[in-house]
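J.: So Swiss-Prot lists these for the protein:
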- ASN92, TYR93, LEU94: ATP binding site (BINDING)
- ASP195: active site, proton acceptor (ACT_SITE)
Amino acid sequence: MWQAISQQLSDTLLFEYQITEKVRLSGGDISESYMINDGEQRYFVKINDREFLHKFEVEAESLHLLRETSTIFVPEVVLVGKTKNNAFIILNYLPTKPLDDPENSFKFGQQLAQLHQWGEQKEFGFDTDNYLGSTLQPNQWHKKWCMFFAEQRIGWQLQLLKEKGVTLVDIDDFIDVVKQLLANHTPEPSLLHGDLWNGNVALTAFGPICFDPACYWGDRECDIAMTELFGGFQPEFYQGYESVMPLLPGYHERKDIYNLYHILNHCNLFGGHYLEQAQLTINKIISY
């Protein structure tokens, strides 16, 4: 496998890249991650089964688009490829540490707000379906935000759970609840990172960086809400964000709806206590 990866990387770089060092990196529940080195240039490699190729291809598409915005800093994609049994993505390697200092947290908040201001899009969705972790994320374009989120985010995850034999609520009834709660909220579509928890953000010598996106055009509050779901972001991050784009009234109610999507995805991926958390959140939303 590594010989094939080395050869494909050499073909891309137009010079022979001979791997002399390979270090397994911690983190990541889905793919194996490595740092490779030829003595001069290091790269970051994610590896999975061959069937994972499409997931790496759409991840690369999101990273390319985020780099195009010149707002938040993301790794550069070097190569997406496959071997006989595996698929892989190669990114430029940058040493990182936790993003936990006030100055850089404030800066990242500003950069995220600038991302949310970037571009013009009249509908919600994305040109391709992509993945939230290893879960397919449908992105069919829709003009109404309440319809898009209720059906392609909440309804989709609930249906996946139902196919696994888990029913937390009547799906059609709850989709209607979400539509009604979001009906009077008409945000402008913003390009989202889509999976913005603290494990996908770090600090490099060049400033804050984020990775593992699940991009789509949606309500910017979805990114902010997820930063609060699992915590780990400094107060200065939110101050930096709101110095560019203040949050709108009603955000704290909508936050529960938006984060339910990620809780349900964790139910589908991991089960366990996330099922109880999802049920409690559903009950809370119904009570609004």
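Glycine too: its Cβ is placed from the backbone N, Cα and C atoms.
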J.: Could you tell me the C-alpha distance between ASP195 (active site, proton acceptor) and ASN92 (ATP binding site) in angstrom, no decimals?
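T.: Checking the Cα atoms of ASP195 (active site, proton acceptor) and ASN92 (ATP binding site) gives a distance of 20 Å.
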J.: Would you mind listing, in sequence order, the residues at least six apart from ASN92 (ATP binding site) in the same chain with a Cβ closer than 8 Å to its Cβ?
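T.: Same-chain residues close to ASN92 (ATP binding site) (Cβ under 8 Å, separated by 6 or more) are TYR43, PHE44, PRO75, GLU76, VAL78.
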J.: Starting from the ATP site formed by ASN92, TYR93, LEU94, give every other residue of that chain whose CB sits within 8 Å of the mean position of their CB atoms, in sequence order.
T.: ARG42, TYR43, PHE44, PRO75, GLU76, LEU91, PRO95
J.: For TYR93 (ATP binding site), which residues in the same chain are close in space, meaning a Cβ under 8 Å from its Cβ, but six or more apart along the sequence?
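T.: Expected: MET35, ARG42, TYR43, PHE44.
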J.: Among all protein chains shown, how many Cβ atoms are found within 10 Å of the Cβ of LEU94 (ATP binding site), not counting that one?
T.: 17
